[in-house]
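Inspection log for the structure reproduced underneath, given as structure tokens.
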Amino acid sequence: MQDTVLALPLPLLSALLCAVIAVLVLRLDLGSDKAPVLFSALFALFALQALLVGVRFGYGIDHFVGLQRVLPLFTGPLIYLAFSALAVPAAPFRKMLVWHLGAVIAVILALQALPDRIGPGDWAIGISYVFYVIALLRLWRTGPDGLIHARLDVARDVNRWMLWAAGLLMVTLALDIAIAASFAMQMSAQVSAIISYGTAMLILFLLGVVLVLPRFLKERAARPRTSTTVDAEAARLEAAACELLRSTELYLDPDLSVQRLAKRLHVPVRNLSLAINESKGMNVSQYVNGFRLSHAADLLVSSDDSVAAIMVRSGFLTRSNFYREFQRVYGQTPAAYRQARLQAVDR
């Protein structure tokens, strides 16, 4: 089996693919500038891990075994933080970044103080994978509405990516357990086979990423335009979007997509997203949610419907996103808002 790895250096091929993807994902247009950087760091980490596996098992270079054993501890946090960048407000996210990455560094330093690092290190990696699989699934359950920083047209796709990411972590955990068990039983040939098959699956996954990625990349600007021209066009297009949403109440449809909105305005999706971002400082999803929140606020005062019913009637998919966005805009829960407004009317 060792000859197979030498003749067909799959880990090195996967390292190359990961490096290419790490560069490409920097151009991801998801609605947040932080998410592409974290996804890029994740694939750069994958590239380094694959490279170290390739040189160790393909060419017998084992000088970097210590580094190879701690790098997987960063996998779960980077995946989770990349998705969280699309779901968590800026200030709390900065704290999350420090906490999650700081915890990894603390664990690595603690492992260095132990006389036997291999066993505890394997346990730490396994626990990390399980923890972040659970964290990803909890984030996934908030639905597309929970991705408050994601573009409206990609929110559903990104929400599905979380399941793929959780699956990737579980498969990686299974492979790591198999490799650790093979080492414990001194079956080095089986380790090479596991690495070869595992890397082959990773390459198929990476090829799928390469095929899907282009539709989410930022378009390169055709030619520069003056700031005044950009501002005027953005304001005009935003005003048209506002008028369309108010007159048709399209925002009440929870399945409203930016493609559908752009089609009604007869403009490219990219132009609409940029116009709203430049004129209002938010993405399309947040912009549409603003209309939904205003509608919900009116219903809270003018109707006797329950908060849950008003949430659905206003176009929200999930309770968590509705409450979070309502409190962000109005500074109180929907129930507290209703009570305060009704008391003000009674005075």
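Placement of Cβ uses the backbone N, Cα and C atoms for every residue, glycine included.
Remember, TrEMBL labels are computer predictions, not curated facts.
Note that the coordinates shown come from a computational prediction; the quantities given were computed from them, not determined experimentally.
According to TrEMBL, the features are:
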type     : residues : note
DOMAIN   : 242-340  : domain 'HTH araC/xylS-type'
TRANSMEM : 6-26     : transmembrane segment
TRANSMEM : 38-59    : transmembrane segment
TRANSMEM : 71-90    : transmembrane segment
TRANSMEM : 97-115   : transmembrane segment
TRANSMEM : 121-140  : transmembrane segment
TRANSMEM : 161-185  : transmembrane segment
TRANSMEM : 191-213  : transmembrane segment
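Sequence-distant contacts of the transmembrane segment (97-115), counting only residues of its own chain at least 6 positions beyond either end whose CB sits under 8 Å from a CB of the stretch, comprise 70, 73-74, 77, 80-81, 121, 124, 128. 121-140 is the stretch from 6-26, 38-59, 121-140, 161-185, 191-213 with the greatest number of Cβ pairs below 8 Å to the transmembrane segment (71-90).
Only residues 6 or more beyond the boundaries of the transmembrane segment (38-59), in the same chain, are considered here, and those with a CB under 8 A from a CB of the stretch are 2, 5-6, 9-12, 14-16, 18-19, 21-23, 25-26, 28, 65, 67-68, 71-72, 74-75, 78-79, 81-82, 85, 191-192, 195, 199, 202. Residue counts for the domain 'HTH araC/xylS-type' (242-340) by DSSP state, with H, G and I taken as helix and E and B as strand, are 75 helix, 0 strand, 24 coil.
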